[in-house]
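Q: So that we are looking at the same thing, I have put the structure below in structure tokens.
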Amino acid sequence: MITENFNEFFDELENNTQLETEALKNEIQGRNMYIQQLKIEKELLLKEIGIIKKVNNNLLEERKKLRKEIDAKNKIMDFTDGMTVLLNKECILEEKQRVIEHLFRIGIDDENSKIYIEEFIYVLSNCLSLLDVNQSKRIKSLLKKNMDFYHELFSNTTPQTQLKILHMYKVKNWSVLLEHFLERTVQSNSLKRFSDIEGLNLLLYIIYYKKLSQLEQNKMFKLFYHDQNKPLSAKLYKSYHDYSLSKTLRELNKFISIINEEQKNIDLLKGEIMQYFLEKVFTAKEVENYRMFKKYNIQSAEKKTKQFGLNFSELRKFGYQISGRTDEQRWQALNDFVEEYGLEVTVAELSKRIKLKSREEDQKKYSNALCKWNSDLEKLKIQYYRGDFPWPNFE
């Protein structure tokens, strides 16, 4: 009985042990599978982490590139950088306009503005007329705000560049800036660098903008416009000064004759009709009186010729004649007459001689005189004629 009970006990114990062992095996197997799953998940996570790191690195690189681009855009362009852009042939007009405005803003604080000012004005002169109204207003405002600085800078440029600045100001109708720059030019030492024709142009700006009475007392002005080595400038100043005092039409004629002779070299007459120019410098009545004076001189010369014959001539009073005069003496007499009466009257005086003595019966007798008159007329055409009246044709 006891033996049977022990056998049952051990059988049951063995069964329980087998069950527990089986359970442990299953549990271990389950854990192994779980561990394997964790390993797989770990590998997947590591791969994802690797991908995330790579993406993150790429994002960091993109961010660096973007930061560089932003920094480049936010960098303040200096005058040298700006001129590099402006002088680039591929730079479009809109970009040039934006850069010009920027350089006007920073020029006062950038030392390199002094180095590149000639090139800057060259670009500005080519672009200024193309600026829209708002851009023109902004640039004008910047110039006026720093007028002393920029006009001091401009006065250190070449005379050609200074005249270009005056022309730009006139085209844009920036009278306040123009008048201020005229004063600075005369008061600075730059005037002594001007050639005769450049000085003549400057004087015409001074007269045109009614600044002569203010500037003619300046020491540099007196030295330049009384210098006989600057004959055109000195003669123009004297004729205008004398006319201002005397108001005689002969003095007015001297002034206008110089302008007619040098018309192609006068900046103020580029794009402006002579009549409007004269009426701005003088009054409409004075200009009309001048025109009547010229007309009267021509008619008077023709009338006296008919009345007293060929030998009577206003021109002869100046020493012009064929006999007893060299070519140089005749030419000097013609120049004196042109200065007094103008080219058109002088041409009329010579023309009447040629017409009267070109008849077939007179040609042989006056062949020498006709040759010299025609030669003198041609010299006058080359020296003075600018197409402002019909030139005589004797064919």
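Our numbering is plain: 1 for the first residue shown, then up by one each step along the chain.
Using N, Cα and C of the backbone, Cβ positions are placed for all residues, glycine too.
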Q: Would you please say which range out of 49-76, 217-244, 245-272 has the annotation coiled coil in TrEMBL?
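A: Of the candidate stretches, TrEMBL labels 49-76 as coiled coil.
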Q: Between 0 and 100, where does the mean pLDDT of the coiled coil (49-76) sit?
A: 72
